[in-house]
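Taken from Swiss-Prot, the feature ATP binding site covers 42, 43, 44, 45, 46, 47, 48, 49, and the record attributes it to sequence analysis. Marked as domain 'ABC transporter' by Swiss-Prot: 4-237.
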């Protein structure tokens, strides 16, 4: 069973002058095991995406280290799949060619990569869209292709940076439910960033709340709303339950504090 360990990680962005350095993260510790669905919440600029980029190997910490199993993360790798807010698919390739693209780069033979891509497209409900071009798909379907592409390389971990931020509400709920089914079937590690408290509560088996810069993990919650959904399939009932609503209000209060008390309508519907 794989484990990702973030150990006392800090990141400082140097400024033009020494007094202009920006401390993005400070002393972050986090453990994620196979089967964990960890969701990160926090106000804009708190370092959520920076932490994900460090896990992905897109950048290196100023202090501390990140280990995946016994391997120190020093760059991107096939053991971590990334799904971005924008799908990052190749528009000149069709759905199945996009899905198997990572395996092709690794030199996997065509029959094997086609089989893996076919299975993962079926997993996200796109078994009938192999030959469709990316620009013919809706935003939700494009994100499904992105998820299938990440899964096809069989990573130990999926890193997802607000993958549903640009989707309409109905599509967003559909993809949320799909993600939980994928999580249940694959038992992979998930690290998911969102600005929606409702989405975080529904998806996560663990929720971390990060402070404004310098980003630190200030609160951790163990959750089971996702398992309740997988047992009964009624997302609306879960999201309207008293304990779900109470938890939502508590976390909104932590993140936004006085702003929430002022009645800002954007926050009240977060």
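Cβ atoms here come from the backbone N, Cα and C positions, even for glycine.
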Least buried by Cβ count (within 10 Å) of the binding-site residues 43, 46: 43
Fewest other C-beta atoms within 10 angstroms, as judged across 42, 45, 47, which are the binding-site residues: 45
Least buried by Cβ count (within 10 Å) of the binding-site residues 44, 49: 44
Cβ neighbour count (within 10 Å, all chains shown) around residue 48 (ATP binding site): 25
Confidence summary (mean pLDDT) of the domain 'ABC transporter' (4-237): 94
Output field, ATP shell: CB within 8 Å of site CB centroid, site 42, 43, 44, 45, 46, 47, 48, 49 dropped: 50, 210, 212, 213, 215
